[in-house]
Amino acid sequence: MSDITTLSLTALRDKLARKELSAVEAASACLARIEATEPKIHALLHCDAEAALAAAKALDAAGPNPDQRLWGVPVLVKDAICVKDAPTTCGSKILENFTPFYDASCIEKMRAAGAVILGKANMDEFAMGSSTENSAYKVTANPWDLGKVPGGSSGGSAAAVAAGQCFAALGTDTGGSIRQPAAFCGTVGIKPTYGRVSRYGLVAYGSSLDQIGPLTRTADDAAAVLGVIAGPDPKDSTCAPRDVPDFEAALAGAADLAGLTIGLPDEYWGEGVDAEVRDACRAAVDTAKSLGANVVPVSLPHTPYAVATYYIVAMAEASSNLARFDGVRYGYRAPEAQSLEELYELSRSKGFGPEVQRRIVIGAYVLSAGYYDAYYRKAAQVRRLIRQDFLNAFEKCDVICGPTSPFAAFTIGQMSDDPLQMYLSDIFTISLNLAGLPGLSMPVGLGTTSAMPIGMQLFGRAFDEATILRTAKVLGNALPPLPQPAAV
């Protein structure tokens, strides 16, 4: 791996500002890394080297600009986020020929901040999956072990950051799709508070759950990117009209956790968590104590109902959102269709993969007459109870902590035939989306059995991303750094 591509985003930014590196050199290093690693990990669906180098040359011609906080930084974007003139497929055949004519709001902000967009990252189809095996185009491998999954649905973004293909990647998180792949690939991934980042230009899966966020190498890097993409947006009515704090300033000089109270929910530390995961996360909590944090027990009693609640709500919203893909206006159109009815039926049955079809059918069922009250309405009520659990817990602590996933990255194909087991892999991440609160996954070591990265999750109060970022920075600096992934 090039010395350049092993740098953190903030370290690269400093070198660019001092003109020790040019934007073209940074982009070229990442493109070379993509060329070397992509045949192994298959993290990307689209890479436009020509456009990236042209953008980097334009930046170099203008010179470093301190007002552009990502000046010259090469980044990748999950393929559910619209990038003008770049294919945006959502990992689905039904959108195989779709090219947006506009940038998503977060992409506009990234460009304005000087970021160089290299391409689009692979993902589970329409963000429905936990392994990136559901992509219609390729299966992404974990850079730590090419036989293991990178997690999902933002697996391409996580794998690309871990492999040094970019310095940051945007992902989306509907039920853990940033945090779980971050845990599996040994990166930092943050899901902001619902409404912190505009969803304009994001192809929707579950509109009340989806959030865009960064995957990076360090908490400082995540703070830098989040500070750019966050903020109000008149094009998204669900985007909160709140000022964005200076996340980087909030992290500056952070050296200990004195005065911080961390809550440990019993429901996240019991049976069902692999011993290597529990041990690594417990050791990280002990380190937090040594840094001055106070640790207290808390309870999130409705956690056992979270998986069922999430999948009812998410599938209902998906069935509604994906009704627009019909072969008429854009996307895949079945050429053999002889009638309008056949056009709808064949385009959707051939354009959508099996997992997406499963979720659409279940979602339509729970919304149908006679079943709405039995399923969707009850799920909405339990969702409110889950949120209240967090509000009650945060009366006793500042941050809630637990494993990101019950296990480390699993073998490709291991859960493909058991969708219910795959759904359970999100058991510790989905509650936060139902509650609309911010969460971050950070690496805390390698598993003693699997030798794969272990991720620990930090939950924060609404719009208090700064506290979990600061906690992750201080704790991350105190823990032994992970080595570079050996498989690439």
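Keep in mind that glycine also has a Cβ here, set from the backbone N, Cα and C atoms.
Features of the protein shown, as given by Swiss-Prot:
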ACT_SITE  Lys78  active site, charge relay system
ACT_SITE  Ser153  active site, charge relay system
ACT_SITE  Ser177  active site, acyl-ester intermediate
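What Swiss-Prot annotates, mapped onto the structure for a quick look.
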residue : record                               : DSSP (3 states)
Lys78   : active site, charge relay system     : strand
Ser153  : active site, charge relay system     : coil
Ser177  : active site, acyl-ester intermediate : coil
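Here the active-site residues are Ser153, Ser177, and the one ringed by the most other CB atoms within 10 angstroms is Ser177. Within 10 Å of the C-beta of Lys78 (active site, charge relay system) there are 31 other C-beta atoms, taking all protein chains into account. The two recorded residues, Lys78 (active site, charge relay system) and Ser153 (active site, charge relay system), have Cα atoms 9 Å apart.
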